[in-house]
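Structure first, commentary second.
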Amino acid sequence: MIDITTSTAAGDRNAATRSQDDDDGNLQYSVGFSNMLESGDIPGIGQYDDFHTIDWQRDIARDRMRHRYIVKKKQDSIWTLLAGAHDAWSGWLCVLLVGLATGAVAGVIDIGATWMTDLKFGICPQAFWLNQEHCCWSPSEADLDSGNCSQWKTWAEILGHSSKGAGAYIISYLFYIVWALLFAALSASLVRMFAPYACGSGIPEIKTILSGFIIRGYLGKWTLIIKCVGLILSVSAGLSLGKEGPMVHIACAIGNILSYLFPKYGRNEAKKREILSAAAAAGVSVAFGAPIGGVLFSLEEVSYYFPLKTLWRSFFCALIAAFILRSINPFGNEHSVLFFVEYNKPWIFFELIPFIALGIIGGVIATIFIKANLYWCRYRKYSKLGQYPVTEVLVVTVITAVFAYPNPYTRMNTSQLIYLLFSQCGISNSDDLCDYNRNFTDVNSIEIAAAGDGVYRAVWLLILALVFKLIMTIFTFGMKVPCGLFIPSLCLGAIVGRLVGIFVEQVAYTYQKNWIFSGECSTGDDCITPGLYAMVGAAAVLGGVTRMTVSLVVIMFELTGGVRYIVPLMAAAMASKWVGDALGRQGIYDAHIALNGYPFLDSKDEFAHTSLAADVMQPKRNETLSVITQDSMTLDDIEQLLKETEHNGYPIVVSRESQYLVGFVLRRDLNLAIANEKRMVDGICGQSLVLFTSGHTIQALGPPPLKLKRILDMAPITITDQTPMETIVDMFRKLGLRQTLVTHNGRLLGVITKKDVLRHVKQMDNEDPSSVLFN
C-alpha cells in the first residue's frame, strides 16, 4: 500500500496547534504549503539552481495558495479587484504577446533567409535588398518561370561576363562556395562566442525543460538573438538543414522572456511551462503555417504537463502567430501554407499498397539516419573533433557546396525542391520531371503518357540527390550551428516518393488495360499523381525520424492544403512508425536526449521490472541517512552537515533515535534561510539552536535560535519500502516529483530522487547509469 499522506511526527505536540492555526480548517498539508508561501520574504526561496529538477507539486501548490489569497482579498478594495482581474487574464495576455512576437520574428527570419540564399547566385543591382523573386516582379517581365529576368544579375554578369558558358559557370560556382563558407563561418563563430546554447535544433532540450528540468540561459535573450541570426546564416549557407525545428526553440525563448512580465509565470517554474507549451505550438505554427498541427505537436511531442487551459491557450497562441505571419506574407503568395498543392484527382484504392510501401521505406531510411547520426554525434562528443566546432562546420560546408552545385536539385533551396517534387506537371511546368510525351489539348485534363528523356535524366539526378542529402544531413545535424531536421527529412521522403510515383505512373501507362488500372486509367486521363507520392513519402520519413503520428498527418495536410489525402498520409505515417519502432526504439529527439544525458522520464515508455523501493532508495539499509532533527541541532551541526554532504534536500525527523518524519527541507532553501537569519537577527552564532518547530521555549541564557519552520515542507510525499518501482516511476512521471521519502512502519528509511529513478531505469535496461546529467 502506498502512503502518500502528510508525514507527521508521532507524539509531536505541535500538530494540534498547527491545525488550529489554519483559518479555514484545511487539511494538514495546506499548512506545509502555506509555510512555503510565507517564506517568500526570504530572497530566492522557491527558485532553482542550474541543472536541477523542479518540484511540480510544490510549485503548483504555491500557485494555488497565491490564487486563494487573491480571491480572498478581492472584496477589500477596487485595487485588489483589479489585481484579481489582471491575474485572471494575464495568461491570455502573455500568450497573445508570445504569438505576436513569434509571428513577427518568423517573418523576419523567412525574409532574411530567402534574400541571403539568393545572394549566393546573384544580386538585384537596382534594389539590392530584394531577392530574386521580388526583383523579377516588374510588370514588364514576361518570362519569370524560366528564370530569364533582366532585373536580376548573376555574379558572372556583375563581373562583365555573359550569363552562359564555361567561364560564367566557374564564376558562379566559386561565388556559391565563397558565400556559403562566409555564412557558415559567421554562424558558427557567433554561436561559439556569444551563445553556445543556440546550436542544434533545440527540440530535445525543449522537451527536457518542459518535463521540469532547469537549463539556465537556454531560453535567454542572447540565445534568442544568436539563434535567429545564426539560423538565417546557416540556412543561407545551403547546408542540409531546415529552419523549422529551431523555430520551436526561438518561440519558447520568446515565451520565457515575456513570461517575466507576469510574476505569476515568471516566478513559478511549473506555471511558466504552461506558457512554454503554448509557445512551442506557435513555433510549429509559424514554421509551416500549420496552427492546428502546432497545437497537436506541442501536445504529442514536446509537452509534459498539458492541462485543458493550456490546450486553449496554445490554440490561441498558434492562431495569433499564424495570423501575424500571414500578414507579413514572407512566402509572397496568396496561400499561408508552405507547399500548396492543386491536385484534383482522387487517389485509387490499390494505391494504398505503394503508400504503405513508402511508409516502410521511410521507416528504414529514418532508422539508418538516426543510427548513423547518433554514431557520428557520439564520436564528435568523445573525440578531439568536438574541440574544433567551427572547423567542422567549414569542412562540412565546403563539401556540401562543392557537391551540391553541379546537381540542379541539390543546388536549389531545399524548400523549393520539396515544392517542385510536390507539384503536379502542367502546361507551364518546364522542369525535366515533367518531360512526358504528351500533347496538351485540354487545359483541364492531362493525359497519361510515356516518360521522356528528361524524366529519366531527372530520376538519376534525384537518386544522386537522395544519397547526397542523406549523407550530408547525418553529418550536419548536431553541428554547432542552428539546424533543424524537418525540412531535410521532408526532402528525403519527397525524393523517394516522387521516384516511386513516377515508377507507379509508368506501370499504369504500360498496363492501362490491366484489371487493376482498367477502371480509372482506361479513359486516358493521368490517374496517378507522382506529386502525391512525394507528399506521402515526405510524411513517412519525417514520421520515422521524429515518431510523430497524429500531429504529423495534420501538419502535412495543413502544409499542402491536400485535405482529401488524409488516409494515404495516415497509412504511411503508421507504417513508418511501426517499422521505426521495430528497428530502433527511439526517435531522433529522444535519442539525443539520452545521448546528452538529460534527466527525462518519458511518459510513453513502460517500466517492466519487478524491483521495490527498498532496492533503489538512498542510502542502502546498512548505511547512515543524513537527517536534521527538529529542535536539537545547532547551527554548527547544520553547516557541518551541509559541508560533508551534497544532497539537494534533507528530511527533518523528531530525533535521531525515533527517526519519525516531521517534514523535508531543500538544501538551497536552508542555505538562503540561514544567511537571511544571520543578516536579520543579532547574536546568532555557531551554538544557536536551529528550530523547525513552533512554540519552543527559548532559554534566556543561550544565544538566540534560528526559527526556520517557515521553509519546512510538512507535506512530503512518502511511500513504504515495499512499494513496487513500477508504481514509483509512474508517480514521478505523473506527479512530476523531485523526490519521495521511504518509510517503514512510519519510521524514515531513505530517499528516492529523480536521479535515482533514472539511473535505476538505465541500469535495468543495461545502459550506463552514470550518463544521466545532474548537478
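Placed from the backbone N, Cα and C atoms, the Cβ positions cover glycine too.
Predicted, not measured: the structure shown is a model, and the values here were computed from it.
Residues or ranges marked as region 'Disordered' by TrEMBL: 1-25.
Residues 228, 231-232, 243, 247, 250-251, 254-255, 258-259, 261-262, 264-265, 274-275, 278-279, 282-283, 285-287, 309, 313-314, 316-325, 327-328, 330-331 of the same chain sit 6 or more residues outside the transmembrane segment (89-111) yet have a Cβ under 8 Å from a Cβ within it. According to TrEMBL, the transmembrane segment annotation covers 89-111 (among others).
Sequence annotations record features per position, and here TrEMBL assigns transmembrane segment to 168-188 (among others).
Long-range contacts of the transmembrane segment (222-241) within the same chain, counting only residues at least 6 positions beyond its ends with a Cβ under 8 Å from a Cβ of the stretch, are 105, 108-109, 112-113, 116-117, 119-120, 176, 179-181, 183-184, 186-187, 190-191, 194-195, 197-199, 202, 249-250, 253-254, 257, 396-397, 400-401, 404, 413-414, 469, 472-473, 476-477, 481-485, 487-488. For 222-241 (among others), the entry in TrEMBL reads transmembrane segment.
Sequence-distant contacts of the transmembrane segment (247-263) (same chain, at least 6 residues past either end, Cβ-Cβ under 8 Å): 90-91, 93-94, 97-98, 101-102, 105-106, 109, 201-203, 205-206, 209, 219-221, 223-224, 227-228, 231, 272, 275-276, 278-280, 282-284, 286-287, 302, 321, 482, 484. If you look up TrEMBL, you'll see 247-263 (among others) marked as transmembrane segment.
The annotation transmembrane segment is assigned in TrEMBL to 275-299 (among others). For the transmembrane segment (275-299), same-chain residues at least 6 beyond its ends with a Cβ under 8 Å from one of its own Cβ atoms are 91, 94-95, 98-99, 102-103, 106, 206, 209-210, 219, 243-245, 247-252, 254-256, 258-259, 265, 305-306, 310-311, 313-322, 324-326, 331, 335-338, 486, 548, 550-552, 554-556, 558-559.
Away from its own ends, the transmembrane segment (311-328) comes close to residues 91-92, 95-96, 98-100, 102-104, 106-107, 110-111, 251, 274-275, 277-286, 289-292, 294-295, 298-299, 336 of its chain (Cβ-Cβ under 8 Å, at least six residues beyond either end). The transmembrane segment annotation in TrEMBL covers 311-328 (among others).
Positions annotated as transmembrane segment by TrEMBL: 348-370 (among others). Below 8 angstroms of C-beta separation, residues 470, 473-474, 489, 492-493, 496-497, 500, 504, 516, 519-520, 527-528, 533, 536-537, 539-545, 567-568, 571-580, 582-584, 586-588, 591 of the same chain, each at least six residues beyond the ends of the transmembrane segment (348-370), sit close to that stretch.
Residues annotated as transmembrane segment in TrEMBL: 385-405 (among others). Beyond the ends of the transmembrane segment (385-405), by six or more residues, the same chain brings 173, 176-177, 180-181, 184-185, 187-189, 191-192, 199, 237-240, 379, 411, 468, 472, 475-476, 479-481 to within a C-beta distance below 8 angstroms of the stretch.
TrEMBL lists 458-479 (among others) with the feature transmembrane segment.
Taken from TrEMBL, the feature transmembrane segment covers 485-511 (among others). Under 8 Å from some Cβ of the transmembrane segment (485-511) lie the Cβ atoms of residues 201, 240-245, 287-288, 351, 354, 357-358, 361-362, 365-366, 369, 414-415, 417-418, 421-422, 433, 448-451, 455, 459, 462-463, 465-466, 469-470, 473, 476-477, 517, 521, 526-542, 545-546, 588, all in the same chain and six or more residues away from its ends.
According to TrEMBL, the feature transmembrane segment maps to 532-557 (among others). If you look at the transmembrane segment (532-557), the same-chain residues 6 or more away from its ends with a CB under 8 A from one of its CBs are 284, 288, 290, 292-294, 296-297, 299-301, 341, 343, 347, 354-355, 358-359, 361-367, 369-370, 418, 421-422, 485-486, 489-498, 500-501, 504, 563, 565-566, 568-570, 572-577, 579-581, 586-590.
According to TrEMBL, the domain 'CBS' annotation covers 617-680 (among others). When the domain 'CBS' (617-680) is classified with DSSP, helix, strand and coil residues number 24 helix, 17 strand, 23 coil.
Annotation source TrEMBL lists domain 'CBS' at 712-770 (among others).
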Averaging the pLDDT values of the domain 'CBS' (617-680) gives 87
Summed over the domain 'CBS' (712-770), the DSSP helix, strand and coil counts are 24 helix, 18 strand, 17 coil
